[in-house]
Amino acid sequence: QLTPSSFLRIGQLSNVDLNEDIHELETEVPRQHPNEIPHNEKLLSLKYESLDYDNSENQLFLEEERRINHAAFRTVEIKRWVICAMIGILTGLVACFIDIVVENLAGLKYRVVKDNIDKFTAKGGLSFSLLLWATLNASVVMVGSLIVAFIEPVAAGSGIPQIKCYLNGVKIPHVVRLKTLVIKVCGVILSVVGGLAVGKEGPMIHSGSVIAAGISQGRSTSLKRDFKIFEYFRRDTEKRDFVSAGAAAGVSAAFGAPVGGVLFSLEEGASFWNQFLTWRIFFASMISTFTLNSVLSVYHGNAWDLSSPGLINFGRFDSEKMGYTIQEIPIFIFMGVVGGILGALFNALNYWLTMFRIRYIHRPCLQVVEAMLVAAVTATVGFVMIYCSRDCQPIQGSSVAYPLQLFCADGEYNSMATAFFNTPEKSVVNLFHDPPGSYNPMTLGMFTLMYFFLACWTYGLTVSAGVFIPSLLIGAAWGRLFGISLSYLTKGSIWADPGKYALMGAAAQLGGIVRMTLSLTVIMMEATGNVTYGFPIMLVLMTAKIVGDYFVEGLYDMHIQLQSVPFLHWEAPVTSHSLTAREVMSTPVTCLRRIERVGTVVDILSDTSSNHNGFPVVESNADTTQVAGLRGLILRSQLIVLLKHKVFVERANLNLVQRRLKLKDFRDAYPRFPPIQSIHVSQDERECMIDLSEFMNPSPYTVPQEASLPRVFKLFRALGLRHLVVVDNRNEVVGMVTRKDLARYRLGKEGLEELSLAQT
């Protein structure tokens, strides 16, 4: 099924992030795509590399740490706080920019279409208005999809699965680049203005993470500029901590929920956690929501009134009118069950759709066409629903931004139009707060049904877009419908306020789709500004998660699995105690001697079939009868720097090496180490020796070959390792455990299953 040309892609060096220009050349060759890409979700891809969360404590590192005195450590700590403040401010500003641009562009579009519809309602010929609306949508979405598909495909979707993987320790290429941020922001603006069923909240998390990664490194690879600041933080450990702060700042800018942001980062992301980190992340979130608040308040012209803490504001829920009684709790739990079932249905449909997309719609041009099709269909469905709806509401006393009259009497507007003819955020707030009787049950039912399928079709398109707001909107619509039917049943009793049920429905639907519990409860509480609802929201979310998990996993986990990412969950699979390290590890291991021939090193690094990233260093004895015990571990990236600077024993003896290598040389090469092909080693140099003693990590983590899988897993996951050496009782290297060896084992329907590894 695969043409030979598509195998060329597979041979690329996957672990070294090739410089842009080389990358472009290599990917230009295979252009004749096969019509169908066979895809199997029971695979793990080998193209993803791990991040090194564990510092390599070699002699250079220890010397530098010993040189730093107490005062210098204080400056480093102060720098961390400064970076967190900058992350917060910039994330807030990006959110403001998105919000203001979307508001103006969408307002312009709706005004044009509304005037057009009003004009043609009088004299007939409404099909022209439909054409105008669909064309406007499709052309805006076309631009948004083009930039994503052709410039930076990583910017597609909400970016939450990618950031989850990054914080889990998987290196996803280009995920925290400046280019990705620019495309992400423009893409979100265009897809929301283009009227797709998407929100601008999810992508804020990705944007925050990119900002964090960029600031903390003090340089930009996309701009090819190095600002020579924050050089101490150029390693995976620090970068990953800052990225979790950026993700939290993104959540808090999106929902005005700083505590929710911290909890999101804790629940979804970081695998390593401590008190100081929590406090810094909270600081970044607070700064971000405050920045957004002040800028938007100035923009709206009331500079002293900080009234818009997040991109979406659910508005105030008053406790007096909206209290709940004890007999409503079973009703809320029932709503949670409905939300879980609907969420599972949404995820299952999206799963089949994504499989179809991976197999058949993998060419960028096809992806753009599909996005335009969805945009046009969304507009058409909206128009037809508004056209067929006979649900008229009096205009006075209602706060509709763009009231469409259509076939209603004078002084009335079409209430279906408030749901479709608006940005999704505004529609959610309307569903929460419009007084009872603003919506006809028929309208709500039709809207829920249509929007459910539209949102499901839209998620996974090649546009930047979040799934938060559409799920809230679907939930709010069926929740309000539920509230209205309760009023009918109880003959209009006071406690069946539809707005309250709209809120619970929104929580149930969102919980059923993304399956977050802790952070989502807090986000909903902070966004509504009401603590009274904490308990019912928690109940609803728990029920939705339990019911949904019974059928299918959460949307983000599902997309991570579809991309075959070696993702490590919190715990090893429950039934895996029977496996030991001996069965899990990869063998044979390529070892290096402590003093090794340069030619051997170059050959090992150039061997594309093995493609290892960490090499155990063993004692170099001429006498082969003696045991070659483990002495340390050295990484591919370190070896490449050594070869590049030509640190050979012979040259050191002849005093040809200008200076000793410092840690700074390794930091300057981070994060894109040059590929081995670009390093030229002459024939004479191949005969030199290279001494690894002061560059290798002399105390790598090891585990005996009898250790059980859960034990190995715990060690690996908690310390954020990349390589774990397996030794026998004589301290000889027998194998190596990497992320892929552990992520292979998963609990399936029948019990423990082992995934196969694939190059693609």
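Each residue's number is its place along the chain shown, starting with 1.
Every residue gets a Cβ built from N, Cα and C, even glycine.
What TrEMBL says about this one:
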| type | residues | note |
| --- | --- | --- |
| DOMAIN | 696-754 | domain 'CBS' |
| TRANSMEM | 81-102 | transmembrane segment |
| TRANSMEM | 130-151 | transmembrane segment |
| TRANSMEM | 181-199 | transmembrane segment |
| TRANSMEM | 242-265 | transmembrane segment |
| TRANSMEM | 277-299 | transmembrane segment |
| TRANSMEM | 329-353 | transmembrane segment |
| TRANSMEM | 442-461 | transmembrane segment |
| TRANSMEM | 467-489 | transmembrane segment |
| TRANSMEM | 501-525 | transmembrane segment |
| TRANSMEM | 531-552 | transmembrane segment |
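Secondary structure of the domain 'CBS' (696-754) per DSSP (helix as H, G, I; strand as E, B; remaining residues coil): 16 helix, 20 strand, 23 coil. Mean pLDDT across the domain 'CBS' (696-754) comes to 87 in this model.
Counting Cβ pairs under 8 Å that are 6 or more residues apart, the transmembrane segment (242-265) and the transmembrane segment (277-299) reach 3 or more and are in contact.
The stretch from 81-102, 442-461, 467-489, 501-525, 531-552 that makes the most Cβ contacts under 8 Å with the transmembrane segment (277-299) is 81-102. Within the same chain, residues 317, 319, 322-324, 328-329, 332-333, 335-337, 339-341, 343-344, 347-348, 351, 503-504, 507-509, 511-513, 515-517, 520-521, 524-525, 558 sit at least 6 positions outside the transmembrane segment (531-552) and bring their C-beta atoms closer than 8 Å to a C-beta of that stretch.
Taking residue pairs at least 6 apart in sequence, the transmembrane segment (130-151) and the transmembrane segment (329-353) share fewer than three C-beta contacts under 8 angstroms. Sequence-distant contacts of the transmembrane segment (130-151), counting only residues of its own chain at least 6 positions beyond either end whose CB sits under 8 Å from a CB of the stretch, comprise 109, 112-113, 116, 179, 183, 186-187, 189-191, 193-196, 364-365, 367-368, 371-376, 378-380, 382-383, 461-464. Within the same chain, residues 251, 255, 257, 259-261, 263-264, 266-268, 314, 317, 332, 335-336, 338-344, 346-347, 428, 431-432, 467-468, 471-480, 482-483, 486, 531, 533-534, 536-538, 540-545, 547-549, 553-557 sit at least 6 positions outside the transmembrane segment (501-525) and bring their C-beta atoms closer than 8 Å to a C-beta of that stretch.
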